[in-house]
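Visitor: My structure is below; once you've seen it, I'll send some questions.
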Amino acid sequence: MNTPSSPAHFIRNIIEEDNRTGKWNGRVETRFPPEPNGYLHIGHAKSICLNFGLALEYGGVCHLRFDDTNPEKEAQEYVDAIIESVRWLGFDWKEHLYYASDYFDQLYEFAEYLITQGKAYVDSLSADEIRRLRGTLTEAGTNSPYRDRSAEENLDLFRRMRAGEFPDGVHVLRARIDMASPNINLRDPVIYRIRHIHHQRTGDKWCIYPMYDYTHCISDALERITHSLCTLEFEDHRPLYDWVLDQLAEKIPCHPQQIEFARLNLTYSVMSKRKLIDLVENKLVDGWNDPRMNTLAGLRRRGYTPESIRLFAERIGISKADSWIDMTILEDCLREDLNERALRRIAVLDPVSLIIDNFPDGHEETCYAPNHPQKPELGTRELRLTKQLYIDREDFMEIPNKGFFRLAPGAEVRLRYAFIIKCTHVVKDDQGKILEIHCVYDPDTKSGTAGAETRKVRGNIHWLSATYAKAVEIRLYDRLFIDSHPDTEGKDFKISLNPNSKEVITGYVEPSLCEAQPEQRFQFERHGYFVADLADTGPGKPIFNRTVSLRNTWKK
């Protein structure tokens, strides 16, 4: 896999220093630990590229581990989608696929050990009472009345919790740390709770489940992770990460280092999984893989390439400071990649009939268009010119504005790869809509011949033969939100939805495009980049999605 060049950043500097001092004996093991309660989005791609990229760069491995400790919200559908998305991005975890539930037995044994060491206790307060006694950022918490239960009583209660004797919410297991700590995460955090619910992998074996802060540091240690990379919201959780591993130092093979970096904040997007679920469940989009969604499944269906997303992740870099990344950076990475790989084709999206009156009836001219103007080795394709053509309606103006150099009454333009034509008159319906544009052509001006150089015109428009063009469904996608910051706190993000984010039309394309395969990408000349829809394209019946326009049309 080709990866962009790797500029220095603070995490790479940490790894370099660790390798210099021999801290991990040259090992670099990272992990990407998603919770299977939704589809991955572009923000996850930054973490995926960072974790897998660093492991690849330093000859290490990156684990894919599912944090499946909350069975109420998790499903196999999400596991499968996450696996597919990480693979699609171009990364391979080899044999290192893990689940937090793989460690449930060890996590339970470690919890019993913490109880025997006086480092954990069973609390019988309600969730509301625990929250009330936790205190605030400026006030210390208050000890639970159950904090001083004996180790024997705690062990008995914890085992009975596991045996299923108690309903949900009656007891929890808490770490005994410091209720007066200035870090609220160290005020006796809950590490186990009762949940009588079926787990997708362990079935009904367990009715108590470990909390994330307890689980993920131990999972890291058991997998011998060296550098545990997470986003900045976990910075205040790092003391708890270290506390748990310090208490279990005799039980675990290593103590990984947690390192935080700034998450991705992308304009015109929402990253909250809760809000993405809201969009899907309220049918404001057509599922998790809707091409307007910033999920990796949606971006893939929109026509994004893995290479463009990896380029984006590298280009925005890694830092400790939160900042906003403009959507145009992502789109420019996509344009840069598609400009290299997409074959050129012609499509007429809003057709109007054009008739060349002096073109002989039944006659055809073969014209030649390059498959890629920067790559002559990809050859040319044939376009058939006939008496009746389709052009895009926007390429004609009956009363042209100043600076309009396309077709107008009395004006001349070149038909791309073909001849110069001149508009003579138009035919309209009773409502004044133009039905036909009538022209004459100059047969001595065919592109690629000596005559093409004898006359120059400023306008150059694309066209398709009405005889050979094929009608197809084309979906014109645009940004899902009209507000650059729809996720602003205190604002209903749904009021920023773009009512014009999807338009379905019937357009005309070159006949060869009827054989387009799902995910095959093209540049529709003068329009933008399009892809044959991954989900809905059938044999001989492609549906094309607009991936991105040729240039940014959004005002900053």
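Residue numbers in this text run from 1 along the chain shown.
Even glycines carry a Cβ here, placed using N, Cα and C.
Owing to the predicted nature of the structure, the values given are computational and were not obtained by experimental measurement.
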Visitor: State the residue range annotated as motif ''KMSKS' region' by Swiss-Prot; the candidates are 265-269, 270-274, 285-289, 425-429.
Guide: 270-274
Visitor: Which range, 34-44, 133-143, 364-374, 496-506, does Swiss-Prot list as motif ''HIGH' region'?
Guide: 34-44
Visitor: Validating a neighbour-count step here. Other CB atoms within 10 A of the CB of His44 (ATP binding site): how many?
Guide: 24
Visitor: Which has the fewest other CB atoms in a 10 Å radius around its CB: Asn37, Thr231, Ser272, the listed binding-site residues?
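Guide: So among Asn37, Thr231, Ser272, the binding-site residues given, the one with the fewest Cβ atoms within 10 Å is Ser272.
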Visitor: Tally every other Cβ atom lying within 10 Å of the Cβ atom of Asp67 (L-glutamine binding site).
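Guide: Around the Cβ of Asp67 (L-glutamine binding site), 18 other Cβ atoms lie within 10 Å.
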Visitor: List the same-chain residues at least 6 positions away in sequence whose Cβ sits under 8 Å from the Cβ of Tyr212 (L-glutamine binding site), in sequence order, or say none.
Guide: Asp67, Thr69, Asn70
Visitor: Need the DSSP three-state call for Thr231 (ATP binding site) to compare against my parser.
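Guide: Where Thr231 (ATP binding site) sits, the three-state DSSP reduction gives strand.
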